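Q: Pasting a structure here, questions to come.
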There are 2 protein chains.
Amino acid sequence: MKKQLDLTLYLVLDPLLCEGINGMVNTTKIAIANGVTAIQLRSEQTFSGKDWYYAALALKETLKGTPIPLFINDHVDIALAVDADGVHIGQSDLPVDVTRQLIGNKKWLGFSISNHQQLNAVPWQKVDYLGIGPIYPTATKKDAAKALGTKQLTELVKLKQCPAVAIGGIDESNITDVIHTGIEGVAVVSAICGKKDIQQATLSLINKIKQAK
Amino acid sequence: MKKQLDLTLYLVLDPLLCEGINGMVNTTKIAIANGVTAIQLRSEQTFSGKDWYYAALALKETLKGTPIPLFINDHVDIALAVDADGVHIGQSDLPVDVTRQLIGNKKWLGFSISNHQQLNAVPWQKVDYLGIGPIYPTATKKDAAKALGTKQLTELVKLKQCPAVAIGGIDESNITDVIHTGIEGVAVVSAICGKKDIQQATLSLINKIKQAK
């Protein structure tokens, strides 16, 4: 059965910030107990196929029996290998239609866009949700496009034809502004990964989202 | 129908050495017309998912109607996306059993080993052929293990339970010694990719293999 697609607070796990697989598993446990609604595994550094596989397997096991879906960034083979709940791809990854064909309709498909032009080119029937960003400058994604800001985000939110998460440089200082654009949810990396108090970091974000909605 | 598994002269295409997709396609056309028996797409540098996909698609098209199989290095999703003939994985990639499960029995599966210990751990029933190397020091693979030399290669060839290709630093100066170990074939990268005269380079290797066998 397909897990929920609740984008409210979407945690992108970075193995470097979380200090490895165990760190990602621990972060996930605390984060989902305190309100995170979706988990994505993403690695910007050199992570071998084997590393990806065992990390994804550990996270899949961690989320077993919960309604929280596991998304795999870029690596469709890893998503298939561990039977993840979804895949998240960007503009430089496998094309959307090819990805959809590989994963079928039982997995969620997320797709990143950074501007109006990319939004206009989205094949809406093949995509379940969008990642829109970066909203603010970010240090965790090397190939990130120019920051959009909340004004441009508001325009994109009006035009989109599926749910979306905003991503890129979002933390407790600006999350309220992001939610006020009307977007369904927010994706964070360093606002949770690597924080000394994962519980406090998660609760702080969740509370701000609730207040803003 | 499964294409042939003839490992005699196995060309590993490097997009950088071949100067892009068109260069790889041209190299492939000349190489297979002059005796190359298998093609693999491998990228050691940063090649996006989209780059992989369009390169693999172009090579698949180039090899259409020929008996020459296309192997994809590491990226099982790309192999599935273009319906390549096989996948080649190494010790740091997805585990062999997981890879076999993803690709089924209609695609060839090659697996790299660099020493006795790795040879002893090969799940022979799941693997169609081995890549053994590096035989000599190589510049085209950054994470290559210590060079084996032909004496150790001879020992590994006696112990293996499936066909194999030798790889790593093999060119026309040493290919005769490699074939004399009794191995089924030889894989090359820079001995063909980037050469000014691809035809001459291929013929020279093929002739030395024929003479040595």
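All residue numbers here begin at 1 and follow the chain in the order shown.
Just so you know, glycine gets a Cβ as well, placed from its N, Cα and C.
Got these off TrEMBL a minute ago, pasting:
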BINDING   B:Gln40, B:Leu41, B:Arg42, B:Ser43, B:Glu44, B:Asn73, B:Ser112, B:Lys141  4-amino-2-methyl-5-(diphosphooxymethyl)pyrimidine binding site
BINDING   B:Asp74, B:Asp93  Mg(2+) binding site
DOMAIN    B:9-192  domain 'Thiamine phosphate synthase/TenI'
Q: Rounded to a whole angstrom, what is the largest C-alpha distance between any two of the residues B:Gln40, B:Leu41, B:Arg42, B:Ser43, B:Glu44, B:Asn73, B:Ser112, B:Lys141 that the record assigns to 4-amino-2-methyl-5-(diphosphooxymethyl)pyrimidine?
A: 16
Q: Would you list the other residues of this chain near 4-amino-2-methyl-5-(diphosphooxymethyl)pyrimidine - those whose C-beta lies within 8 angstroms of the C-beta centroid of B:Gln40, B:Leu41, B:Arg42, B:Ser43, B:Glu44, B:Asn73, B:Ser112, B:Lys141 - in sequence order?
A: B:Val12, B:Asp14, B:Asp74, B:His88
Q: Hey, which of our binding-site residues B:Arg42, B:Glu44, B:Asn73, B:Asp74, B:Asp93, B:Lys141 end up with a Cβ under 8 Å from chain A?
A: B:Asp74, B:Asp93
Q: Whole-number answer please: how many Å between the C-alpha atoms of B:Lys141 (4-amino-2-methyl-5-(diphosphooxymethyl)pyrimidine binding site) and B:Asp74 (Mg(2+) binding site)?
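A: Between the Cα atoms of B:Lys141 (4-amino-2-methyl-5-(diphosphooxymethyl)pyrimidine binding site) and B:Asp74 (Mg(2+) binding site), the distance comes to 13 Å.
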Q: Including all protein chains shown, what's the count of other C-beta atoms within 10 A of the C-beta of B:Asp93 (Mg(2+) binding site)?
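A: I count 24 other Cβ atoms within 10 Å of it.
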Q: What's the CA to CA span in angstrom from B:Asp93 (Mg(2+) binding site) over to B:Asn73 (4-amino-2-methyl-5-(diphosphooxymethyl)pyrimidine binding site)?
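A: Per the Cα atoms, B:Asp93 (Mg(2+) binding site) and B:Asn73 (4-amino-2-methyl-5-(diphosphooxymethyl)pyrimidine binding site) stand 10 Å apart.
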Q: Report the same-chain neighbours of B:Ser43 (4-amino-2-methyl-5-(diphosphooxymethyl)pyrimidine binding site): residues 6+ apart in sequence with Cβ closer than 8 Å to its Cβ, ordered by sequence.
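A: Expected: B:Asp14, B:Pro15, B:Leu16, B:Asp51, B:Trp52, B:Ala55, B:Asn73.
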Q: Just to verify a number: CA distance, B:Arg42 (4-amino-2-methyl-5-(diphosphooxymethyl)pyrimidine binding site) to B:Asp74 (Mg(2+) binding site), in angstrom, no decimals.
A: 8
Q: Please report how many Å separate the Cα atom of B:Gln40 (4-amino-2-methyl-5-(diphosphooxymethyl)pyrimidine binding site) from that of B:Asp74 (Mg(2+) binding site), as a whole number.
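A: That separation, Cα to Cα, works out to 11 Å.
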Q: Averaged over the domain 'Thiamine phosphate synthase/TenI' (B:9-192), what pLDDT does the prediction give?
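A: So the average pLDDT across the domain 'Thiamine phosphate synthase/TenI' (B:9-192) works out to 96.
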Q: Three states by DSSP: which one describes B:Lys141 (4-amino-2-methyl-5-(diphosphooxymethyl)pyrimidine binding site)?
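A: Reduced to three states, the DSSP call for B:Lys141 (4-amino-2-methyl-5-(diphosphooxymethyl)pyrimidine binding site) is coil.
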